[in-house]
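According to Swiss-Prot, the feature substrate binding site maps to ASN9, TRP10, LYS11, GLY172, SER211, GLY232, GLY233, an assignment based on sequence analysis. For HIS95, the entry in Swiss-Prot reads active site, electrophile. Taken from Swiss-Prot, the feature active site, proton acceptor covers GLU166.
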Amino acid sequence: MRQKIVAGNWKMNGQIQQVTELVSQIEELIGFDCAAQVAVMPPSIYIPKVRDCLRTGKIVVGAQNVYPKDYGAYTGELSAPMLKDFDCRYVLVGHSERRQFFHEDENFVAQKFHHVKDHGMIPVLCVGETLSERENGKTEQVIAQQVLAVSAKGKDCFRDCVVAYEPVWAIGTGKTATPEQAQKIHQFIRDLVGEINDSDAKHLTLIYGGSVNENNAKALFSMPDIDGGLVGGASLNAKQFVEIVKCIN
């Protein structure tokens, strides 16, 4: 079901005091009728603590990563059943930093995507192009490859999931795609999914990630195919994050 979502990806930031204070501040500041589903994705070791700090039901917890097996000799990894034990609703898969630093390819990302779905959580599939790929006119080619990699399991694979367009050149750089640039790619993704399953395309939640902040969020969220944001650095500041959430209204 298509819905408005703002998710904060805290990446590898925070220790227990900071994490506890941050989630409490966010929850306190969201003292209004929120039009968006709000999620926070802390470092995995703090997921239980964040879950236990949530009091009002205004925020849900998500995970930044998962390994696509239920159990086994995979030292240091976490499975979807483990994340589900701590009430994770959303799980990032295919984030550009995982692709870049951990060499995760399309097949592995697809395995993660379906592993999350198979266990009743919502995968947030991250797709996006590098600056070089954009300058060489390969944006749509790259994104199509990333999106279609998860479609091998059948026509309903995009049901009950989220796709996040995160242009790699805009992540952590302070650069942001213009609302029109972002809308063009979001529409391209929706049309691409529509070629697989028109109904799922209409109900697909598409969010934008790439230096989203309180100054550009309103213009981005006003675009017809942008349903919210995947927020990085700004989600580590409670006031800034909540200002972004308010831009959904």
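The backbone N, Cα and C atoms fix where each Cβ goes, glycine too.
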For ASN9 (substrate binding site): DSSP state (helix, strand, coil): strand
Among the recorded positions LYS11, HIS95, the one whose Cβ has the most other Cβ atoms within 10 Å is HIS95
What are the non-local neighbours of GLY232 (substrate binding site), defined as same-chain residues 6+ apart in sequence with CB under 8 A from its CB? ASN9, LYS11, ILE171, GLY172, GLY209, SER211, VAL212
Sorted by sequence, non-ASN9, TRP10, LYS11, GLY172, SER211, GLY232, GLY233 residues with Cβ within 8 Å of centre, substrate: ILE171, VAL231, ALA234, SER235, LEU236
GLY233 (substrate binding site) in three-state DSSP notation: helix
If you measure between the CA atoms of TRP10 (substrate binding site) and GLU166 (active site, proton acceptor) and round to the nearest Å, you get 15
Pairwise CA distances across ASN9, TRP10, LYS11, GLY172, SER211, GLY232, GLY233 (listed as binding substrate) top out, in Å, at 14
The residue listed as 'active site, proton acceptor' versus GLY233 (substrate binding site) - Cα distance in angstrom: 14
